[in-house]
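Asker: Below you will find the structure I want to go over with you.
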């Protein structure tokens, strides 16, 4: 879905809408049911207190980094949450998104796939800092995959969202291929059918899909992700008739059809862009969805009831989001040396 720059560059602010950073939300595919089925047998070995003896202070260590990052570079929040989505949907939640491509290698790693070019550096930096601190206290014990899952939860909570427990015990995957990314990432213009196919292939339901899309309550994306809705919707040379006219006018000011600033970003949630709440769903009801794939969730009769349900009740959304994140966090989990490793440096495999 949404995309942003993967290097740290100053953000360009639009005068019309709050402009700043980026977010999450993408949903990949690895061999369909195999991913979900593969993980099921391993769930039993994961637990909330997995590191109780080997690294009892792991959550506090990671928490000290996430809270600091949230203060110094708030974009770290949506960037890390999005990183977790991208990790889980490609090859499972195994930290493979963090691996750097080998210099001189013809085969690029996941993070260098075109679809991942806009993953912001702040997400990777957060995990690297947390890993360094954890390694210092508990060398060779905690996986990068678990650190990413915990950090994503921390940022949901720091942004005003729910605090939910994270099951731990993931090992880090050894495979990271850019070619695995495209079939597994939802597009800004994905239809509900395409989204459902992708989410179902990961063992996630229609309700999970709508709830996880609520991650777009924070974060930002570039104009290119939705500009066709403003000027040439489905080749009509007209805007998408569904967009609220006031939003259309504001977005056109931020994102001109030609010659605009490519660094400008726009919030997914135009009403409370920095707060993790349920306003995303009310925005869809009011035709204020930014991406075609977001607005489609309200337009489609299969997903609309879930959107309406979440829009009505913030606590219900929070509870559902925590449960869906836990479920997503189990996709394709690796366990044991046969299937994985515990990387000392998250960016380096081997």
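Heads up, the Cβ atoms here are built off N, Cα and C, so glycines get one too.
Below are the features listed in TrEMBL for this protein:
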BINDING   87, 90, 92, 94, 96, 110  Ca(2+) 1 binding site
BINDING   186  substrate binding site
BINDING   216  heme b binding site
BINDING   217, 269, 272, 277  Ca(2+) 2 binding site
DISULFID  55-138  disulfide bond
DISULFID  88-93  disulfide bond
DISULFID  144-346  disulfide bond
DISULFID  223-255  disulfide bond
SIGNAL    1-33  signal peptide
Asker: Of these disulfide-bonded residues, 93, 138, which scores lowest on Cβ atoms within 10 Å?
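Answerer: Least crowded of the disulfide-bonded residues 93, 138, by Cβ count within 10 Å, is 138.
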Asker: Where residue 93 (disulfide bond) and residue 223 (disulfide bond) are concerned, what is their Cα separation in Å, rounded?
Answerer: 29
Asker: Please name which of the recorded positions listed here, 138, 216, 269, 346, is nearest in space to residue 96 (Ca(2+) 1 binding site), Cα against Cα.
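Answerer: For residue 96 (Ca(2+) 1 binding site), the spatially nearest of the recorded positions is 346.
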Asker: Quiz question: given the binding-site residues 94, 277, which has the greatest number of C-beta atoms lying within 10 angstroms of its own C-beta?
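Answerer: Selected residue: 94.
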Asker: Express the distance between the Cα positions of residue 88 (disulfide bond) and residue 272 (Ca(2+) 2 binding site) as a whole number of Å.
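Answerer: Each residue's Cα considered, residue 88 (disulfide bond) and residue 272 (Ca(2+) 2 binding site) end up 27 Å apart.
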Asker: Considering only the recorded positions 110, 144, 216, 223, 346, which residue has the minimal Cα-Cα separation from residue 272 (Ca(2+) 2 binding site)?
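Answerer: Considering only the listed recorded positions, the nearest one is 216.
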Asker: Across all chains shown, how many C-beta atoms besides its own are within 10 angstroms of the C-beta of residue 88 (disulfide bond)?
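Answerer: Taking all protein chains shown, residue 88 (disulfide bond) has 32 Cβ neighbours within 10 Å.
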Asker: Compare the C-alpha of residue 223 (disulfide bond) with the C-alpha of each of the recorded positions 90, 144, 186, 269, and give the closest one.
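Answerer: Closest recorded candidate to residue 223 (disulfide bond) by Cα: 269.
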Asker: Pull out the binding-site residues from the set 87, 92, 110, 186, 269 whose C-alpha sits within 10 Å of the C-alpha of residue 216 (heme b binding site).
Answerer: 269
Asker: Just to confirm: which same-chain residues, 6+ apart in sequence, have a Cβ under 8 Å from the Cβ of residue 217 (Ca(2+) 2 binding site)?
Answerer: 161, 268, 269, 272, 275, 276, 277, 278, 279, 280
Asker: Taking the Cβ of each of the binding-site residues and counting other Cβ atoms inside 10 Å, which one has the highest number: 87, 269?
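Answerer: The largest 10 Å Cβ neighbour count belongs to 87.
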Asker: Have a look around residue 223 (disulfide bond) and count the other CB atoms within 10 A of its CB, chains all included.
Answerer: 21
Asker: What is the nearest of the recorded positions 55, 110, 138, 255 to the residue listed as 'substrate binding site', using the Cα of each?
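Answerer: Its closest listed neighbour, by Cα, is 110.
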Asker: So of 96, 272, which of the binding-site residues has the fewest other Cβ atoms within 10 Å around its own Cβ?
Answerer: 272
Asker: Report the same-chain neighbours of residue 346 (disulfide bond): residues 6+ apart in sequence with Cβ closer than 8 Å to its Cβ, ordered by sequence.
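Answerer: Those within reach of residue 346 (disulfide bond), by Cβ under 8 Å and sequence separation of 6 or more, are 95, 98, 99, 127, 128, 131, 144, 147, 172.
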